[in-house]
Amino acid sequence: MSLARLLFRELLRGPRTIEGPLPDPLGIEQLGRALGERARAGLGRSLRIREVDAGSCNGCELEIQAVNGPVYDLERFGIHFVASPRHADVLLVTGPVSRNMAEALRRTYDAMPSPKWVVAMGDCAADGGCFAGGYAVLGGVHHLLPVDLTIPGCPPTPLNLLSGLLALLEVAAVGSDGQASGA
Amino acid sequence: MLGNVTLMEYLGGGRAVAGHRPWPRYSLDERGWREMVHQLSVSDWTLLGLWADGTEVHAALRDEENAAIAVASVGCPDRRYPSLSGVRPAAIRLERAIHDLYGLTAEGLEDQRPWLDHGRWGQSAPLAIVRGAPPSGPVVYPFLPVEGESLHQIPVGPVHAGVIEPGHFRFTCAGETVVRLEERLGYTHKGVEGHMAGKSLIDAARLAGRISGDSTVAYAIAFARAAEAATGTEAPPRAHWMRALMAELERVANHILDFGAICNDAAFSFMLAQCTVLRERILSVNELCFGHRLLMDTVIPGGVAVDVTREGSSILRGLVKELRKRVRRLADVYDDMPSLQDRTVGTGIVQSSLAHRFGAGGFVGRAASQGGDARKVPGYPPYDDLDFEVPVHPEGDVNARIWQRLEEVTASLALIEQILERMPGGPLHKPIPTRGGEGMALVEGFRGEILLWLRLSEVGRVVRCHPRDPSWFQWPLLEAAIEGNIVADFPLCNKSFNCSYSGVDL
């Protein structure tokens, strides 16, 4: 089948994207606590994410690729993965933070402009998961950086990931005066 | 005794170690090991793995003339052993890793730079019986020197631009052309081999399923088979068929995503979008039928933890039909696009002789005329009972690795149908007796042959587990394949290899 026919067929059948989930209420609560004493800045309904694999098994990366695909289509919510930490609002970290990656992770964080958020994705990033302990890992992102949101799972499903990030968007969109900046 | 000797004739002269299954293990003295190294230079014996254990070093070898497999071991009380690297370059990184973890030095190894140890663990030789002194600080890694006019270097990573695993690539270029690529890995080292020690079988199996997340089924099968070999257990027939069913689903899902991602790296994003949709179909069926999108923790020592229902079986049949049709359409689109093939044909060529020298398997080896597949040789159930061909391509370029994957998808879809058709009934699991022993398994993951070696204590705990990812023998070939290509084609070449970082960093 030619590319033209395949494209035409795709146009006729409509989008493959599924309906998005609601923001994770637990995530909003955690974010509320984490950000309670820090200045909030309204970002509008747009978040830029820099992802760093700090020693994951690559399972989390597979699910991140899934949310970027047409089925979950993260970008429709204004959330976008970027190449440079200089362009990022959010650092999304996977893995138990191997000691060999700690400096690169720290430098990536330092390169991001404020205000910035850190999301620990998956059980490893939360507390080291099944790699906790031993000489080679720190055992969770919070040992190195302030974590604003944890998305549990091994790996978290795309819907978990989506709903966690939507919670972040919800909170980030609220300005320091408590008003939703988009309103 | 150089000349035409088989592996078994040769190692049979050593002392056989009792309780190593299913292949024999022989204990050699230093002189015997030295002679073996010499013999390797004139024999077609592939190095399958090289690992340490206390003060012993083990090498797994396969005689390519008669497919015999054996492990040779040498004790190194003075913490040194003769290097295999001179005759088997695939040993170089393995020997460097052994030094970093166990403090055992390969005599004659030219490249003595650390590999996994970046000087950040607060100790050296963490798995050695007597640990080394703490390092003075992070290692300043001496990359290979380059000399010449108008050369420049491009350092990339460990944090890459995209959502991929971390590693460092040091390119030396003349204009746009890459004259040398040097990889430096180890960033995701999380001490897997250390974590394994002392674990119960079920906890260790969970860990094995997270050595390289995209190959979780293949690793879990490798671990289970090694544990079953060590304890002399045979999983029930239905468990073997269930394992193969999930292993083929894993293979198809990964190959399809790779196909899309390679095309995307040649700026044809349509293919990635289409392939992501197909992959998502597989993962959601996985979740529906087996309870986990990536199939983690479904394979356990002694059998499997999940079953397929009649309804699940019909969903899977529907999935196979749909995938076959849609993958064929996408393959036609690829075949019909000269502008895309302009990027892939003749790019990143792996010489067949080099693939052979490194014992590289999987789509990297098979797309360069190396036909090895652990499902065929040594083979394991239920594949000996299934009808399938292993495709091979001679060209060794990115295009060949694409077609290799597409043809393997077709073969795997046919396998899934056969498995669903002929799956025997009966129990799914058999308890593993509590006893000690040593076992080894060779399992074909989507990247190629995974070796897993296991020693269990009398109370059934893991004493030592060494998993050897297929990428150990593929990463070095990427350095060779990129030579003479332009920098802009590196992502394309790299994606066409899609080596595991986590699997080799451990």
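Counting begins at 1 with the first residue displayed.
Yeah, the Cβs are placed from backbone N, Cα and C, and that goes for glycine too.
What TrEMBL annotates here:
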{"type": "BINDING", "residues": "B:E193", "note": "Mg(2+) binding site"}
{"type": "DOMAIN", "residues": "B:35-127", "note": "domain 'NADH:ubiquinone oxidoreductase 30kDa subunit'"}
{"type": "DOMAIN", "residues": "B:274-429", "note": "domain 'NADH-quinone oxidoreductase subunit D'"}
{"type": "DOMAIN", "residues": "B:436-505", "note": "domain 'NADH-quinone oxidoreductase subunit D'"}
Tally the residues of the domain 'NADH-quinone oxidoreductase subunit D' (B:436-505) by DSSP class, grouping H, G and I as helix, E and B as strand, and everything else as coil.
26 helix, 24 strand, 20 coil
DSSP-assigned states of the domain 'NADH:ubiquinone oxidoreductase 30kDa subunit' (B:35-127) in counts, ordered helix, strand, coil:
18 helix, 31 strand, 44 coil
What does DSSP say about B:E193 (Mg(2+) binding site): helix, strand or coil?
helix
Does B:E193 (Mg(2+) binding site) have same-chain partners at least 6 apart in sequence with Cβ under 8 Å from its own Cβ, and which are they?
B:L101, B:L127, B:R464, B:C465, B:H466, B:L506
Could you please provide the mean pLDDT value for the domain 'NADH:ubiquinone oxidoreductase 30kDa subunit' (B:35-127)?
95
